[in-house]
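**Student:** In case it's useful when we look at the structure, here is the feature table from TrEMBL:
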- Asp130: active site, nucleophile (ACT_SITE)
- Tyr186: substrate binding site (BINDING)
- 9-56: compositional bias 'Basic and acidic residues' (COMPBIAS)
- 301-406: domain 'Pseudouridine synthase I TruA alpha/beta' (DOMAIN)
- 1-65: region 'Disordered' (REGION)
Amino acid sequence: MEDVEVDEQVYKRDQVSKWTRARKEDKRENSNKRQKTEERPDRRSSNNDYQPRVDEEGNVIKSERRPKRKVACMIGYCGTGYNGMQIQNNPDVKTIEGELFQAFINAGAISQENSNDLKKNGFMRAARTDKGVHAAGNVISCKLIIEDEDILQKINKALPEQIRIWGIERTNRSFDCRKMCSSRVYEYLLPTHSFLPPRPGTVLYGQLKEESTANPGFYRDNEEDEKWWKETLAAMDKVKAEVGLKDENVPDADQEKEKLYNEEGQITEFGIKAKKIKQAENTRRRDYKVSNDKLELFRDALKQYEGSHNFHNYTVGKNYKDPSARRYMKSTKVSEPFIIGDTEWVSIKIHGQSFMLHQIRKMIAMAVMLVRTGCPATRINETFSSTRVNIPKAPALGLLLENPVYETYNSMLEKYGYNKIDFSRYQKEMDDFKMKFIYDKIYNEERRENSFHGFFGFIDNFENEEAESLPLTHYFGQVITSSDSALQYSSLHLHTTVVAVIDQHFDTLLASLVAVGLPVDEGYAGPPEEAVVLVEESGEAFELGHSPYLFHHYYRYCC
């Protein structure tokens with residue numbers, strides 16, 4: 001049964017009252033939109049440089065009037081270099097919609113008279129994507145002049161290569177691509193070395209071994225994984241001996257920036273040696289090939305998400321009693337492994353009726369951690385209960401929108417004599433596009449940043465034995481580096497340095513802390529939407545980004 005959120009009070013009324021209320025809500029929403037447009041006239045304009053042609057007497061010369069049709073444009077894009085999907089007030093900010101709108105004008109699909117107002121063209125998108133996020137398939141609805149048989153080719157010619165229109169389909173005039181979307185399919189690209197168990201010597205590895213000794217059968221040892229780590233550590237020892245670094249220096253070598261680089265930002269001799277050791281591990285990691293048993297366990301874990309469940313543990317700001325936390329997942333699919341560059345990857349596709357903030361990334365992280373630690377797949381069912389489970393977010397790098405789905409609306413389109421909004425007709429072109437413009441970007445960034453290894457490595461290495469008596473400032477010291485996509489922090493604990501790579505959203509740090517046994521103060525309601533971290537050290541605060549929140553609580557160990 002599909003998951004449909006219904007206001008109980010509304011449900012008790014008859015159908016007339018329910019739908020009357022819906023229409024009133026739409027009217028209020030439209031009224032608010034009109035008011036916002038009047039307050040922000042700059043939002044209406046996308047092509048303010050346009051000046052109408054005039055004759056000798058100053059009268060406006062109107063271009064030939066051609067009919068506009070309501071259409072659904074099926075598009076795909078690589079979000080790298082763009083500040084999200086939605087068009088911005090600042091014309092200097094590059095957006096996907098900005099490129100599309102200008103291409104429509106250049107191709108003649110939008111007249112010059114309508115080139116300075118998106119509202120005249122009924123512009124709407126099915127799913128908004130953030131800065132740098134990709135979409136193999138998305139839908140925009142608008143009014144276009146499509147009488148030219150070559151209009152699709154002309155529009156694509158006017159677009160950059162990393163933005164494509166797969167097809168344009170006629171719709172009825174009331175079509176709203178966002179409201180009439182019945183479900184969405186998201187894809188997540190994951191390097192298979194993420195399934196490797198914790199490295200010998202890490203905190204998590206030690207805990208698993210300790211529990212396995214106390215409770216036989218608690219941890220399933222894998223001979224192949226043990227052999228892989230033995231060979232990898234031997235390769236690292238060989239390089240270690242060649243460069244002349246002592247064993248006790250190596251664990252921190254690639255994590256202490258002050259040792260890797262001098263004040264001018266140039267790599268030090270110590271840094272060169274440390275990077276050679278790290279390179280030996282990275283080379284082995286990229287050569288890793290996942291076994292069929294691990295892949296099947298991962299598939300089984302993802303299958304636990306299918307159906308209607310309470311996903312309150314897979315987002316932020318929702319509790320078990322919140323009815324909006326219940327979501328319906330239609331299907332999960334994991335591809336066979338494939339190679340991009342020199343690394344093996346798998347593609348995960350999750351088809352759901354709707355998703356909450358961070359839900360997919362948390363679903364992926366939970367399933368991968370089950371495989372890495374050898375837990376049974378059914379453990380996921382415990383996360384749907386009222387028990388609070390803190391789940392970290394997998395890196396945003398691998399996430400992309402595959403396509404929106406219009407199952408219900410397509411049957412209506414067929415009744416009107418229109419074609420269905422169906423991406424399957426363009427699957428070959430979409431797959432080729434993803435491989436060239438999306439997968440390649442993800443691979444290059446992962447090779448450069450080692451995001452997945454950094455994410456799981458942070459969880460594996462975090463020590464928390466003393467957490468009951470130590471304040472947060474003992475764990476997180478000064479900021480090392482920052483960028484648009486990530487902040488890197490030095491975590492100090494018992495003279496052991498650990499690097500945590502987290503994104504700019506504050507709750508990633510919280511999730512990382514609680515995932516290893518450091519619960520956030522229960523009275524903390526969550527940061528503002530754009531909040532990032534404020535770190536307190538020796539009574540002084542280091543402010544980063546917007547809306548800082550000062551941690552001053554002590555943290556108690558909790559599993």
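The first residue you see is number 1, and the count goes up from there.
Note that Cβ sites are derived from N, Cα and C of the backbone, with glycine treated the same way.
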**Student:** Residues with Cβ closer than 8 Å to the Cβ of the residue listed as 'substrate binding site', same chain and 6+ apart in sequence?
**Tutor:** Lys349, Ile350, Gly352, Phe355, Ile360, Leu399, Leu400, Leu401, Glu402
**Student:** I'd like the per-state residue tally for the domain 'Pseudouridine synthase I TruA alpha/beta' (301-406) from DSSP, helix first, then strand, then coil.
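**Tutor:** Going through the domain 'Pseudouridine synthase I TruA alpha/beta' (301-406) residue by residue, I get 35 helix, 33 strand, 38 coil.
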**Student:** Mean pLDDT, the domain 'Pseudouridine synthase I TruA alpha/beta' (301-406)?
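**Tutor:** That region's mean pLDDT is 94.
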**Student:** Would you mind listing, in sequence order, the residues at least six apart from Asp130 (active site, nucleophile) in the same chain with a Cβ closer than 8 Å to its Cβ?
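**Tutor:** Correct list: Gly79, Gly84, Met85.
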